[in-house]
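Pulled from TrEMBL, these are the features on record:
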BINDING   131, 205, 230, 260, 264  substrate binding site
BINDING   296, 297, 298, 299, 300, 301, 317, 420  NAD(+) binding site
COMPBIAS  29-46  compositional bias 'Basic and acidic residues'
DOMAIN    265-426  domain 'S-adenosyl-L-homocysteine hydrolase NAD binding'
REGION    1-79  region 'Disordered'
């Protein structure tokens, strides 16, 4: 047998490699043809308006068919919902069960009031973030006797699996992650305008459901018994309506209740801002130059967390009292335009509009991270970035690089929307506190005798704030000290509370 030369094995290997490449190419081309044929057999999509949204989907985003184009039914045959994929309900149900374990106060309220059904006859329009924690609130309201219809207050914060689980359980849920603006208002309208169902209560987060009902269905709005609002933006809208004489129903401002302000705004944001930034950018915090615009409770939580991880935190404020608090907490108070060229991370927490403008962003250094922790999506002027001279480059879900002609790029998170709920999650325990506050406010307004609340905006009674706090103390095995009769008399208090006057600042 002829001996094999050194070149022959190399030639054979090369031939095998070329053969393998040809086979792989053929397989790829066949797969592309199969995918194209399958695409032609899918549900025909309704023509959509062009959107500049950077949304790419969530774990249940198996296709790009708009949920409004799908015909879905739950196991009971109901079609009164619109979610991403009803088939993911089982996964969403597990998420809800996990959330329940960390929401002891809301579950305790459900068990205590379930037999009395204090919301029997209540028909509630809900417009909030739709998460596993919200689902626990929805099911609690139903257990207390209410009928509910629910839409999302944010186009990016909906957990698709949770929405599916609620729809499977029989709730009218109209929401999915990645809605367009048109979808957003359509979903709220579908919740409000339902044949044979007349809402009498509103639970709002941002005032969108209130705004839409007042604008499109004024007669229906006048029949509402009460509105519960939990955001700075929504409360501001309510006070504007009250001042102009357009608020024809009583409203409860739970945003400024102690349990909401301290626990949801301060303690929750202190944790969720870090989670959101890490998940989206993998940024190292130590040594970074950070500016917090707004030093309210949200700003305080963000500043505290970032300082603890070694950031050099600056604060921009309009209020001299908040500014002085920031100084006493060890933060330098400055104007954004004075430091914008040197910052690494910018976070807005004001609830205002155009806090960060195109002029600011033009001056930022490359790699600067820009995000919003306030409710409204108007704090960062994202619209000014939608110009032909700038390029949008999507790097992952909810993360866009905005590239300038000279190659500079900034990192925009969640397109300027609420970053912690769009890009991470909020601790269930804190949501339990907020949700219990909302539930009690709904119960109070719904059952209040005629005349107790006029056409105005009210704060949650102090007694209810204290009750919400007491529902959560057993989790920590906390035991309250009780006043003696002599001590109560000396302080001029009832032994069971309320223990502080309304003007007290915690």
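Glycine too: its Cβ is placed from the backbone N, Cα and C atoms.
Sequence features annotated in TrEMBL and their locations in the structure.
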residue	record	Cβ within 10 Å
131	substrate binding site	23
205	substrate binding site	25
230	substrate binding site	26
264	substrate binding site	25
296	NAD(+) binding site	19
297	NAD(+) binding site	22
298	NAD(+) binding site	28
299	NAD(+) binding site	29
300	NAD(+) binding site	23
317	NAD(+) binding site	23
**Integer mean pLDDT for the domain 'S-adenosyl-L-homocysteine hydrolase NAD binding' (265-426)** = 94
**Request:** Measure from the Cα of residue 298 (NAD(+) binding site) to the Cα of every one of the binding-site residues 205, 230, 260, then give the nearest.
**Result:** 260
**Prompt:** Who sits close to residue 301 (NAD(+) binding site): which same-chain residues at least 6 apart have their Cβ under 8 Å from its Cβ?
**Reply:** 265, 266, 267, 268, 269, 270, 273
**Request:** May I ask which of the binding-site residues 205, 230, 264 is closest to residue 420 (NAD(+) binding site) if we compare their C-alpha atoms?
**Result:** 264
**Complete:** Here the Cα-Cα span from residue 297 (NAD(+) binding site) to residue 205 (substrate binding site), rounded to a whole number of angstrom, reaches 17
**Prompt:** Among 296, 297, 298, 299, 300, 301, 317, 420, recorded NAD(+) binders, what is the largest CA to CA distance in Å?
**Reply:** 21
**Complete:** Cβ contacts within 10 Å for residue 420 (NAD(+) binding site), all chains included, total 25
**Asked** Cα distance, residue 264 (substrate binding site) to residue 296 (NAD(+) binding site), nearest Å?
**Response** 12
**Request:** Would you kindly give the Cα-Cα distance separating residue 299 (NAD(+) binding site) and residue 230 (substrate binding site), rounded to the nearest Å?
**Result:** 17
